[in-house]
Structure formats: C-alpha cells, structure tokens
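S.K.: Here it is, the structure in full.
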Amino acid sequence: MPLSLLLLSLFGVLFSPSNSLSLSFPLTSHSVSSQEASLSLSSKTKSHGKLPFQYSNALVVSVPIGSPPQQMDMVVDTGSQLSWIQCHGKVRRKSVKPMINWFDPYLSSSFSFLPCNTTLCRPRIPDFTLPTSCDPTRHCHYSYFYADGTLAEGNLVTEKFTFSSSFTTRSLLLGCATASTQNRGMLGMNTGRLSFISQAKISKFSYCVPDRTGSDRTGLFYLGDNPNSAKFKYVNMLTFPKSRRSPNLDKLAYTLPMKGIRIGNNKLNISPAVFKPDPSGAGQTMIDSGSDLTYLVDEAYSKVRAEMVRLVGPMMKKGYEYAAVADMCFDGAVAAVVGRRIGDMWFQFENGVEILVGKGEGLLTEVEKGVKCVGIGRSDRLVTESNIIGNVHQQNMWVEYDLSNKRIGFGVAKCSGLKA
C-alpha cells in the first residue's frame with residue numbers, strides 16, 4: 001500500500017460526521033511544579049535553552065488509550081498539535097508525589113511503532129518543533145519543544161483511543177515519550193493535521209475550567225455536542241490561507257477578533273490593531289488552554305499596568321517580578337482589598353461580545369505562597385509577539401471550539417464540581 005494511503009488508513013476513525021457525538025469527561029485543574037520530576041533528555045534536546053519559568057496550572061483529563069484501554073492523564077492543550085503519552089522509562093523523582101501515569105505498550109494489542117520509512121519521519125516535516133530522526137531500532141524518533149521550555153521526546157507510534165464499545169478510534173498518530181520534563185501526557189488540540197481532533201475528525205469540543213481557589217477543582221470536558229450551547233455567545237475565528245507566509249503567525253492556533261479590554265467601567269485606550277495580526281503576524285490573539293497566564297503585547301500590557309497602578313499602585317510589591325514575565329503583584333494579605341478596588345475585567349470581541357474574565361480577588365492568581373498577581377504577563381518575554389488568552393482567564397465559563405462553523409463560544413458557568 002502506498003505510504004499516503006497507509007497514513008489515511010491510520011488516521012481514519014469510527015466516528016461518523018452524521019452521528020451526534022457527545023462524550024463528557026471530568027476536567028481537573030492541577031497545579032504543576034517544575035520540581036515534580038526530573039528526567040534525562042538526550043543531548044539534542046538539552047541544547048535548547050529553557051525559559052526561566054514553567055506554566056504552573058494545567059487542565060487534565062483522563063483518556064482511555066490502547067486495547068484493552070489504559071487510563072492516561074493528559075493535559076488539554078489547544079495551543080499545540082502532537083498528542084503524546086508517558087511511556088516506559090525511568091524517572092528520578094525529587095519527591096514521592098505525584099506519581100507518573102505510565103502507559104505500557106506491551107499490554108496493548110493495538111500499539112505499533114511508526115517505522116522510519118514513513119513520510120512523517122522525514123527531517124523537514126513542518127508538524128514538529130524539532131526534526132524527527134531514525135533511532136537505532138529503525139523507529140521514528142521525535143523531540144517536541146514548548147514555549148515554556150517543556151520538552152518531550154520518544155518514538156512516534158500509532159494507537160487507539162477506546163472511549164467505549166460504541167466510540168473507538170482507529171489507530172492515531174501520537175508520541176510515546178520516554179523522556180519528558182512533565183509527569184503527564186499532552187492532548188494536542190489545535191487545528192493541525194496531526195492534532196487529536198483532526199485525526200479523530202471531531203468537529204466540536206468544549207470545557208469548563210474550575211475556580212483555582214475552590215476546594216473542588218474538577219470541571220467538565222466534552223467531545224462533540226455540549227447540551228449547554230444554546231446559551232453561549234459566539235465569536236468568529238480568524239483564519240488564514242495556507243499560502244500566507246508570516247514569520248510571527250501561528251496559522252494552526254485558534255485566533256480571535258479581540259477588540260479591547262475593559263476594567264470596571266473604564267474601557268482602556270488600546271488600539272484594536274494591537275490585537276490583530278499585522279503582515280508579519282505580530283499581534284495575533286489566540287486562546288490557549290495549555291497556557292497558564294494570559295500574555296499581552298507591550299502596548300496592551302502597559303495600558304493594563306497603568307490602570308492597575310492608578311487603582312492599586314501603592315499596594316503593589318515594589319521590585320517584584322514573577323518568573324520574569326509578570327510584575328502586577330501583591331502580598332496575599334491585601335489581595336481582598338486589591339480585588340475590590342479593581343472590580344472586574346472584561347475582554348471585548350467583535351459584534352459587541354464581552355466576556356468577564358475575572359472579578360474581585362478572583363482577578364488575582366497565587367504564584368507563590370503569600371504572593372498573588374494579576375494573571376497577565378508580557379508576551380515579549382516568551383519571545384513572541386502574540387496575545388495569548390490563558391486558562392487563568394477561562395475560569396468559570398464554558399469555552400466551546402466549533403470547528404465546523406469556525407467560531408468560539410463562551411458561556412458563564414459555575415464549573416467547580418460540574419456534572420454531565
């Protein structure tokens with residue numbers, strides 16, 4: 001069989017577009033520590049510099065993979081493409097918790113390594129952040145690099161996602177990581193051809209992010225139709241032709257037509273052009289479940305900071321900067337007062353759609369014991385010129401990605417402890 005037909009066969013699924021799919025899973029908001037695990041990486045990946053921070057909050061679902069299925073904890077990441085799981089390997093843990101959720105390939109009858117002679121194992125395939133290669137066993141080796149410095153490497157494989165006897169994917173391409181700086185896998189959910197939703201032909205998904213400060217940090221994640229969608233407000237996604245060549249543009253991201261920011265009754269004096277990609281792609285505004293904080297380009301960040309200084313400047317921690325990206329921070333003892341003085345914050349989009357992204361003390365996120373910051377960082381510290389709406393500003397709302405209609409839906413909800 002030609003390789004192109006082989007890959008099409010691998011990526012086929014039992015989900016039928018004509019059938020109504022609606023599967024729900026608990027979605028847990030996990031605090032992530034960079035000290036959770038220390039893994040040995042190859043010399044190739046060690047050569048890439050690591051930024052001085054890591055995302056500290058992740059949205060995690062448990063997904064059944066393999067035949068018979070093994071439950072794998074995976075971070076829902078709408079900002080990346082490749083899905084990968086933690087496979088066999090050894091970890092040097094600095095503490096006994098949390099344990100890594102390993103996948104055992106030898107227990108699955110549907111597991112298969114991707115051989116080196118497939119088209120996806122060519123060194124210049126654009127779907128991977130680092131070139132693929134051929135390992136000594138003639139299996140395709142990958143290394144994946146994320147904006148916060150997270151790395152994962154291992155073999156490309158094919159495996160089934162076994163949701164139930166009625167909903168089982170055929171074999172999908174994913175990574176089998178034998179070395180990683182994280183203790184969970186990744187569920188890549190962007191619009192790239194190798195993302196989970198693209199391979200599984202799932203045209204709609206949604207999640208409800210629980211409040212970080214509550215005792216119950218479990219929300220809900222849907223694949224397919226969401227029964228609450230009739231109440232959602234929708235904004236159309238911006239899409240770009242494949243032929244467009246812009247060095248700063250991520251064409252696989254979920255790009256939103258953001259127009260402005262309002263704090264209390266004060267609409268900040270920020271030009272809408274700041275939130276729209278220019279010819280180079282700079283200014284793109286994307287929504288990303290895998291990013292902890294929200295990041296703004298300098299013009300927008302400076303206007304938000306100026307308003308914070310006006311409202312609560314005397315209470316800011318002088319000379320403090322969290323992880324070299326955020327400096328609107330306060331001692332926890334004054335957080336309640338700070339929250340009351342700020343009021344609420346809204347992100348504004350086309351067609352008059354506004355979403356409440358935080359109010360009162362809920363606008364602040366704890367970054368270390370006794371310190372809380374407005375959950376916004378400078379995007380230039382990420383070496384990017386984009387605006388990124390992180391999961392800190394997606395709490396207590398439904399966020400629906402409707403790929404068929406090229407739109408994103410938002411709906412106010414109480415996400416903690418939500419049941420299907």
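Each residue, glycine too, has its Cβ placed from N, Cα and C.
From a predicted model like this one, the values you see are computed outputs, not experimental measurements.
For reference, TrEMBL lists these features for the protein:
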type	residues	note
SIGNAL	1-20	signal peptide
DOMAIN	59-411	domain 'Peptidase A1'
ACT_SITE	Asp77	active site
ACT_SITE	Asp288	active site
S.K.: Determine the mean pLDDT over the domain 'Peptidase A1' (59-411), rounding to the nearest whole number.
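M.R.: Mean pLDDT for the domain 'Peptidase A1' (59-411): 91.
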S.K.: I need the CA-to-CA distance for Asp288 (active site) versus Asp77 (active site), whole Å please.
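M.R.: About 7 Å separates the two Cα atoms.
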S.K.: Mind giving me a neighbour count for Asp288 (active site)? Other Cβ atoms within 10 Å of its Cβ, every protein chain shown.
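M.R.: If we count other Cβ atoms within 10 Å of Asp288 (active site), we arrive at 25.
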S.K.: What are the sequence-distant neighbours of Asp77 (active site), meaning same chain, six or more residues apart, C-beta distance under 8 angstroms?
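M.R.: In sequence order, Met186, Leu187, Gly188, Met189, Asn190, Asp288, Ser289, Gly290 meet the Cβ cut-off.
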